[in-house]
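K.L.:
I am attaching a structure below and will ask some questions about it afterwards.
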Amino acid sequence: MLAMQHYNSSGLAAPHLLPNQTWGVERVPAMAWTANITTERPMSPPMSPPSNPTAAGLSMTLGILSNIVALVILAKAYARLRRRSKATFLLFASSLVATDFAGHVIPGALVLRLYSAGAATGPLSRAATDAPCQFLGGSMVFFGLCPLFLGCAMAAERCLGVTQPLLHASLVTTARTKMALALIWLLALFVALLPFFRLGAYTYQYPWTWCFIRVLGETQETDVAFVMLFSGLGLASLTVALVCNTISGVTLVLARMRKKCKTCYRRSAKSHDIEMVAQLVGIMITSCICWSPLLIFGLMSVTRSYSGSIGSDQDTYRKLMVMGVRLASWNQILDPWVYILLRRAVLRKIYRITKSRASFKNSTFRHWDISSFQNSEKINTVNRI
């Protein structure tokens with residue numbers, strides 16, 4: 001669809017003049033190119049077109065339906081369960097799914113708009129710092145950091161609840177949970193607004209149908225600092241979530257092995273903890289798979305671009321960034337399925353099916369062992385006769 005290279009005001013060069021051309025004729029087009037205002041598209045090597053908008057629309061529809069189903073399940077669970085620890089977790093989880101829903105709809109609608117406009121307007125007719133690009137880039141940063149921050153906060157809350165239940169009961173309240181949610185959203189918003197204060201910049205990215213932090217081209221110190229801040233916060237959140245979920249999982253396994261749960265209430269509480277930790281592990285794995293490539297590729301691209309050592313690998317890093325953002329977009333589709341599939345009822349059914357199959361195999365093996373032993377005894381008796 002877009003068979004041209006991308007030019008912007010940060011890294012443009014006037015076209016080379018032929019020997020028989022004069023500045024009086026070619027001066028205006030050259031200035032128009034530099035100002036990112038063109039009336040004629042230059043000839044350049046063709047680049048691969050963007051993906052089909054139909055596939056983007058289908059993935060967007062799937063994400064919307066998944067988030068709605070997960071929100072309904074979480075709302076029913078919140079209305080049915082009024083235990084403090086579970087209510088706090090459900091409040092975090094509902095906020096995460098609602099954020100994923102908004103992050104799937106708002107940037108997705110803008111990307112689809114760019115898809116539809118891409119056939120009529122090439123990248124050179126768009127300003128590198130126009131309002132839609134700035135809004136889309138800020139939305140991607142905001143809705144990218146929010147799930148990572150929320151997953152980290154949920155993992156820390158569950159780690160405290162599993163390892164120090166009394167301290168958790170005295171510290172964690174609904175009011176403090178809502179305050180933590182507000183602080184998380186404000187922190188993500190603050191980071192997303194930094195390019196408006198000259199720290200970093202949002203530019204169109206290959207294949208020019210989405211906007212993100214400038215990681216290639218004429219990168220500056222502020223671009224490197226902004227990418228390091230964004231990627232550092234994301235990777236730190238994933239690391240903290242990994243540590244907290246590991247501690248929670250090990251604590252629950254040790255408690256199960258020591259058989260500390262004797263009463264029915266304690267068993268119910270322990271099953272709730274297992275359900276929540278299982279969901280957190282699912283969220284952590286999904287976030288690591290979906291977001292780690294974009295965070296790492298962004299750091300690699302901006303450092304090599306700023307140092308000037310990227311050379312002919314620029315197209316490779318462009319494609320890596322596209323692959324990273326596509327994986328990151330699937331995080332908002334897969335997160336709701338963690339709550340849909342890793343519920344206690346579903347986990348119980350999986351456990352029963354696994355247990356029944358294991359018992360069936362054991363009974364079959366025992367029957368085969370006994371029958372084979374009896375047959376061998378009969379053969380020995382016949383041989384003796």
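The backbone N, Cα and C atoms fix where each Cβ goes, glycine too.
Predicted automatically and left uncurated, TrEMBL annotations should be read as such.
Annotations per TrEMBL:
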type: DOMAIN; residues: 66-339; note: domain 'G-protein coupled receptors family 1 profile'
type: TRANSMEM; residues: 55-75; note: transmembrane segment
type: TRANSMEM; residues: 87-115; note: transmembrane segment
type: TRANSMEM; residues: 135-160; note: transmembrane segment
type: TRANSMEM; residues: 181-204; note: transmembrane segment
type: TRANSMEM; residues: 224-255; note: transmembrane segment
type: TRANSMEM; residues: 276-300; note: transmembrane segment
type: TRANSMEM; residues: 320-342; note: transmembrane segment
K.L.:
At a Cβ cut-off of 8 Å, and with pairs 6 or more apart in sequence only, do we get at least 3 pairs between the transmembrane segment (276-300) and the transmembrane segment (135-160), yes or no?
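P.N.:
Counting Cβ pairs under 8 Å (6 or more apart in sequence), the transmembrane segment (276-300) reaches the transmembrane segment (135-160), since there are 3 or more.
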K.L.:
Given the transmembrane segment (224-255), which of the listed stretches 87-115, 135-160, 181-204 has the most Cβ pairs that are under 8 Å apart from it?
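P.N.:
Against the transmembrane segment (224-255), the leading stretch is 135-160.
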